[in-house]
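Student: Heads up, here are the entries from TrEMBL:
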| type | residues | note |
| --- | --- | --- |
| TRANSMEM | 12-39 | transmembrane segment |
| TRANSMEM | 46-63 | transmembrane segment |
| TRANSMEM | 83-110 | transmembrane segment |
| TRANSMEM | 122-144 | transmembrane segment |
| TRANSMEM | 173-191 | transmembrane segment |
| TRANSMEM | 222-238 | transmembrane segment |
| TRANSMEM | 243-260 | transmembrane segment |
| TRANSMEM | 266-287 | transmembrane segment |
| TRANSMEM | 299-321 | transmembrane segment |
| TRANSMEM | 327-353 | transmembrane segment |
């Protein structure tokens with residue numbers, strides 16, 4: 001519903017995004033860049049994807065040519081084509097304004113595209129880091145006010161208004177500092193440049209879009225920018241399935257407060273439930289796994305918390321408190337959702353670098369266990385003499401990344417000591 005009632009998140013823009021992903025996946029990089037630039041000119045929130053496209057084009061479009069010095073001319077030609085393709089949508093969008101208003105007209109547009117005068121958070125806080133920051137400031141204010149009531153000014157960020165505000169205890173956050181935090185959050189994305197195999201575009205888009213977590217005055221609907229590419233990744237790589245399922249549920253519940261009328265409440269619950277069930281069925285069919293294995297005990301407990309906070313915001317709080325403390329249930333949803341989004345961000349980074357970091361950690365663990373065995377701390381069956389060994393065997397299993405129905409199991413046996 002939010003996809004269609006809010007103009008910048010309608011299905012048309014999602015279609016442009018999917019077209020760009022499709023052309024990037026099939027190697028038609030110029031069309032991929034063209035559709036992304038068209039998408040960006042429709043709504044600038046898709047600027048969160050820009051770092052991912054930069055990394056993707058560096059590895060897939062430029063670095064492959066630079067491996068051969070004879071292709072330098074071809075690389076320059078490709079760069080020129082890419083620049084022309086990317087410039088066309090911007091010329092069509094901004095050209096008339098520049099022609100009529102000059103540079104001042106362009107500045108007016110930019111001031112409307114980036115309205116920093118609206119404050120750090122929206123009226124309903126997006127589930128990002130600044131929601132947690134506001135809650136921490138509010139708790140500190142309440143506690144310190146018990147000691148010296150007149151020392152701190154009351155907070156205004158919980159009034160439900162769109163405005164610039166000061167924090168009561170913690171330092172105020174400027175747009176520049178928020179931008180610095182966004183850039184710092186992109187370090188894992190930039191680190192993928194040095195991986196032996198660059199991740200696919202959807203994985204890079206998910207990493208890049210998570211930078212909204214530190215963005216200035218972001219909307220809660222920015223979660224959709226992560227959910228869409230993350231679901232596409234999950235359908236091609238089963239390692240991301242559990243993460244995509246959890247994040248989809250967080251996205252749905254975080255958007256629930258936007259649909260609050262009596263007419264919309266049953267519709268949003270029915271749509272969210274149907275969508276989640278279809279997601280389970282689709283993933284179960286694609287990977288031949290049980291639905292129960294998609295959700296761990298910790299995930300189920302967290303989802304139960306999401307449901308409780310949503311029911312409290314919609315029914316319980318009004319029944320008990322009426323119109324008093326009306327922002328409290330929304331604040332609780334934002335805070336709880338922010339914790340889940342942060343956990344998903346960390347989870348995604350670990351999955352992306354699993355083949356580098358996690359394998360190194362597991363190797364180190366095996367080395368430590370081997371050291372404990374040699375030191376006699378583990379009781380294992382010992383070989384008294386090498387003459388007792390006649391055969392040495394090893395087993396390995398590898399699953400197909402293109403077809404999840406196939407796996408290869410290899411068992412090798414060697415004669416000792418002539419192996």
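Cβ coordinates come from backbone N, Cα and C, glycine included.
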Student: Which residues of the chain, 6 or more past the ends of the transmembrane segment (173-191), have a CB below 8 A from one of its CBs?
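Tutor: Cβ under 8 Å, 6 or more out: 51-52, 55, 116, 120, 129-130, 133, 167, 204, 207-208, 210-211, 213-216, 349, 352-353.
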Student: So are the transmembrane segment (122-144) and the transmembrane segment (266-287) touching or not, going by 3+ C-beta pairs under 8 A with a sequence gap of 6 or more?
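Tutor: No, since the transmembrane segment (122-144) and the transmembrane segment (266-287) share fewer than 3 Cβ pairs closer than 8 Å, they do not count as touching.
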Student: By Cβ distance under 8 Å, which residues at least 6 away from the ends of the transmembrane segment (12-39) in the same chain are close to it?
Tutor: 3, 46, 49, 53, 56-57, 60-61, 81-82, 85-86, 88-90, 200-202, 205, 228-229, 232
Student: Applying the under-8 angstroms CB criterion, which one of 83-110, 243-260, 266-287 scores highest with the transmembrane segment (299-321)?
Tutor: 243-260
